[in-house]
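So TrEMBL lists the following for this protein:
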DOMAIN    4-77  domain 'BTB'
DOMAIN    176-348  domain 'TLDc'
Amino acid sequence: SEGFDTKIVVGKEPNIKEFKAHSIILLSRSAYFKNALSSRWANKENGIIIFNKPNISPLVFEVIISYIYTGKFNVTNNASLVDIFISADEIELLELCKQLKKHLLETETAWKFPKDFITLGPHHDVDLYNFALDLAQYKNVIPDLSADILRIVASGQDPNYDLLQKRISAYPFDSKIIDAKDAALIASWIDNERELPYRFEDMPFKFELIYRTSQENFSISKFHDNCDNKGPTVVIIKVLNSKEIIGRYNPLDWRSTGLMNDRCSSSNAYDDYKCKTSKSFIFSLLSFSNRALRKSRLSRISTETKQSFGNNSSQRSVSGTSKQHSYEVGIIDKDTFEIEEYEVFKITDKRFSF
């Protein structure tokens with residue numbers, strides 16, 4: 001550690017450890033650290049870069065940092081190989097991921113499964129490894145799906161993506177459409193300066209459900225009662241008879257004209273209200289049963305534009321329209337669609353709330 005210029009603090013209380021490292025080595029071995037050690041993410045104290053990594057345990061990071069410096073993979077502590085695999089994938093150590101995948105496929109003890117449990121599905125253990133490792137390339141999937149995988153093997157069923165009809169989240173989240181990981185991804189998009197995605201437990205935004213169509217029977221009056229003048233919101237739509245989930249972030253208040261004291265009085269209580277913003281964006285996400293097979297899509301406003309909230313908006317009925325005008329790219333491959341479920345979340349920045 002002589003001549004080090006970086007301190008990496010890993011783990012959470014009470015299990016925290018500090019590792020001394022050299023930024024030139026970290027940068028040359030991992031593309032991840034090019035962003036992580038930038039001035040945007042890491043602080044400096046007395047000329048030393050300080051980088052915090054609370055989501056990786058000290059045991060796992062010992063293996064990771066040893067590999068970065070030596071190029072050799074050797075586990076001498078009790079770190080879980082699956083945890084090392086997930087962390088190596090996050091830090092973009094591709095060769096280490098290949099070695100771990102090979103090792104996990106060849107060594108059943110690496111999974112720490114009891115022998116008597118494996119015998120419940122003797123013809124499916126190899127399928128289990130292949131299935132889990134295939135899913136592992138998608139960040140953080142294994143922790144959420146491990147119980148489902150074990151149940152599949154124990155019951156003698158063939159592993160199949162369609163058997164996983166619902167994403168299980170380690171964090172409770174009040175939605176019928178998205179889960180905590182989706183919320184964390186959306187939070188990263190809201191925080192436009194952020195290059196690395198949030199984890200749900202670390203994101204600075206609170207998502208508060210304020211409207212759901214299945215509870216209000218697509219009532220436009222209930223929508224405005226619940227959503228008007230609430231500040232920034234995220235709308236999530238589950239497209240009927242489809243695996244598609246689409247949504248929009250609105251950094252402004254929802255409003256309707258024609259209300260008492262409104263500056264744009266109209267006979268129609270819910271006529272158009274338009275304001276300019278450059279911070280709105282639209283997006284598409286993965287459905288519950290198809291997450292591992294598709295990618296999310298984000299489309300920001302290409303030029304500052306007026307956002308219209310009211311007339312012909314999709315919240316008025318069970319149908320919606322999607323046409324690319326002011327955004328960078330389209331998010332759904334159709335102009336009209338039917339809505340199965342529709343949710344609105346009030347977004348509060350916890351860093352500035354009291």
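Numbers run from 1 along the shown chain.
Any Cβ shown, glycine's included, is placed from N, Cα and C.
All annotation found in TrEMBL is predicted automatically rather than curated by experts.
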Calculate the per-residue pLDDT averaged over the domain 'TLDc' (176-348) and state the result as an integer.
73
Helix, strand, coil residue numbers for the domain 'BTB' (4-77) per DSSP?
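Across the domain 'BTB' (4-77), DSSP assigns the residues as follows: 25 helix, 23 strand, 26 coil.
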